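K.L.:
Pulled these features from Swiss-Prot for this protein:
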REGION    1-69  region 'Disordered'
COMPBIAS  1-17  compositional bias 'Basic and acidic residues'
COMPBIAS  25-34  compositional bias 'Basic and acidic residues'
TRANSMEM  81-101  transmembrane segment
TRANSMEM  125-145  transmembrane segment
TRANSMEM  154-174  transmembrane segment
TRANSMEM  182-202  transmembrane segment
TRANSMEM  220-240  transmembrane segment
TRANSMEM  245-265  transmembrane segment
TRANSMEM  329-349  transmembrane segment
TRANSMEM  368-390  transmembrane segment
TRANSMEM  407-427  transmembrane segment
TRANSMEM  432-452  transmembrane segment
TRANSMEM  469-489  transmembrane segment
TRANSMEM  496-516  transmembrane segment
């Protein structure tokens, strides 16, 4: 069956699992202490959380998929009940390879984007791109979750990989900043959705107890790409002298992994249909009926209100410094007002008017899910307030080459690749995860504050790497445990939706962080540059700010280069100070988490990790 046929059938399926305010029949009453959730009732009815969200009961090792779940969940359960160890190993290897490509993609992006924007004299607008792409990506996670649950994991994954490939091709052939920004939206939505779908697959193919190790496994390729990716990206800048081939290479390689992964899922699903493990359930709504159903089910109006409102509201904070009259410019004021009103109307639409709300109410009422989402939001904002210009800072201020700057900025990938296995193993042994935040949060905030001290021009790079290592320790724990906390609080049928809610929070955080970073940059770097440049170079301030190539053209220790470095330091200190202030919110969110014992819970069926 083709993917297109599958999608058409998915549009015709009846969605029998809309969120209800009451518990499902299989959900049992539980009690919790402030720190540990305990279960009551027989062993086969143990649940994870109280309130509106409950996971599957412990004894769900039956040889048939659950009946009270959506079609995509039923199909993935049928796959895990049907496949053998070879198929499971093939899936895990393909996921690992996909994350290897993702690591190269991330390294390429960090190193190449400063040169991409500089080609069009738009280095100062570097944060504009992620504001738009992150906001639109955040708006697409919830519909993506519904696609995975209604159409199926394989179809949703293939659709997103298609968007990612298209975006990469458009980035490679773009000839101006506007085209590159549009390509970045396709790429970001597709890549983010693809990685999200793989995250859901990793949850489908692993027990909750081993999920930390599963996520650590998928992150391990980053230890390779932290060095190889940065070196390869530098080669495109220095040797090939064409950044477009960096994105083009990823576009060529990506289908070589995504198509086999899609086929592994489809082949095993076909076996499940043949064996009678699962049967096809369809309802004929007709073409226009299916279109109308999809329009409402995927909340298309909500997507555009949320994504568009967020973009229009956040962009002025980045553009005001370039506007003719600054903050008093008419279109800057209009964008802020229109964006804010659009976000208000989005709330009104979702609460009173939307046929199927964008976010599920049951998740918004569970304190553990809310806490994990707020931790993710806080982490992304605090991290991206300073990180977008970090690679440029390392080259211009610390005098590193593109490859070496990529190595330093990839410290997170190396540290997390090792640390995640350790944390995942400890969680597997203890069954609890909340304790990891008690050392991760102080380390992260301390390192972020310490980084402020090492932002002076020509500072010893070893101190910066030391701070990066500590920041990476905290960040790696956040990324792993946030996902685990959300997944431990829901049943298998809600895994995709719960992860999507977490990803929405992260996407919004990235967009807000980019807006703060851009606002600080445009309102501090350029004024300081004009103030500090030698008289003979003041007329070139705009050209210098717009291109990293122009910045690097001035010799080290020359008056102009020192002025540029001091301006970078001035802006970076304020970016980091904002990050530290925002990170202090962790102390509010962490106590809200429930300390669920994942050793006693089981969500999946069949042969899993």
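Cβ coordinates come from backbone N, Cα and C, glycine included.
For each feature listed, report its degree of burial, its nearest neighbours and the pertinent distances within the displayed model.
P.N.:
Outside the transmembrane segment (125-145) by six or more residues, the chain places 113-114, 117, 156, 160, 177, 180-181, 184-185, 187-189, 192-193, 196-197, 200, 298-299, 303-304, 306-307, 310-311, 314-315, 318-319, 322, 358-359, 384, 388-389, 392, 496-497, 499-501, 503-504, 506-508, 510-511, 514-515, 517-518, 521 with a CB less than 8 A from a CB of the stretch.
Cβ atoms under 8 Å from those of the transmembrane segment (154-174) belong to residues 3, 6-7, 10, 72, 144, 147-148, 180, 182-194, 196-198, 201, 244-245, 247-248, 250-251, 254-255, 258-259, 261-262, 265-266, 269 of the same chain, restricted to positions at least 6 beyond its ends.
Counting residues 6+ beyond its ends, the transmembrane segment (182-202) has Cβ neighbours under 8 Å at 76, 91, 95, 98-99, 102, 105, 129-130, 132-134, 136-137, 140-141, 144-145, 148, 153, 156-157, 159-171, 174, 211, 214-215, 218, 258, 483, 495-496, 499-500, 503, 507 in the same chain.
A Cβ distance under 8 Å defines the sequence-distant neighbours of the transmembrane segment (432-452), meaning residues of its chain 6+ beyond its ends; these are 35-36, 212, 375, 382, 386, 423, 426, 464, 467-471, 473-475, 477-478, 481, 484-485, 488, 573, 576-577, 579-580, 583-584, 586-587, 590, 593-598.
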K.L.:
Against which stretches of its own chain does the transmembrane segment (245-265) lie, if we need a Cβ under 8 Å and a gap of at least six residues from its ends?
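P.N.:
Same-chain contacts beyond the ends: 3, 79, 87, 90-91, 94-95, 97-98, 101, 104-105, 108, 112, 153-154, 157-158, 161, 164-165, 168-169, 171-172, 194, 232-233, 236.
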K.L.:
Should the transmembrane segment (496-516) and the transmembrane segment (368-390) be scored as in contact, given a threshold of at least 3 Cβ pairs under 8 Å and pairs 6 or more apart?
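P.N.:
Yes, these stretches are in contact.
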K.L.:
Three or more CB pairs closer than 8 Å, sequence separation of 6 or more: does that hold for the transmembrane segment (469-489) against the transmembrane segment (329-349)?
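P.N.:
Taking Cβ pairs at least 6 residues apart, the transmembrane segment (329-349) and the transmembrane segment (469-489) are not in contact, as fewer than 3 fall under 8 Å.
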K.L.:
Using a cut-off of under 8 Å between C-beta atoms, tell me which stretch among 220-240, 329-349, 368-390 contacts the transmembrane segment (407-427) the most.
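P.N.:
Counting Cβ pairs under 8 Å, the winner is 220-240.
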K.L.:
Hey, which bits of the same chain come close to the transmembrane segment (220-240), Cβ under 8 Å, at least six residues off its ends?
P.N.:
96-97, 99-100, 102-104, 106-108, 110-112, 115, 246, 401-407, 409-411, 413-414, 416-418, 420-421
K.L.:
Under 8 Å between C-beta atoms and at least six residues away from its ends: which parts of the chain pack against the transmembrane segment (368-390)?
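P.N.:
Counting only partners 6 or more residues beyond its ends, the transmembrane segment (368-390) has Cβ contacts under 8 Å with 49, 53, 126-127, 130, 409, 437, 448, 451, 475, 478-479, 482-483, 485-486, 488-490, 498, 501-502, 504-510, 512-514, 516-518, 520-521, 568, 571-572, 575-576, 578-580, 582-583, 585-586, 588-590, 592-594, 596.
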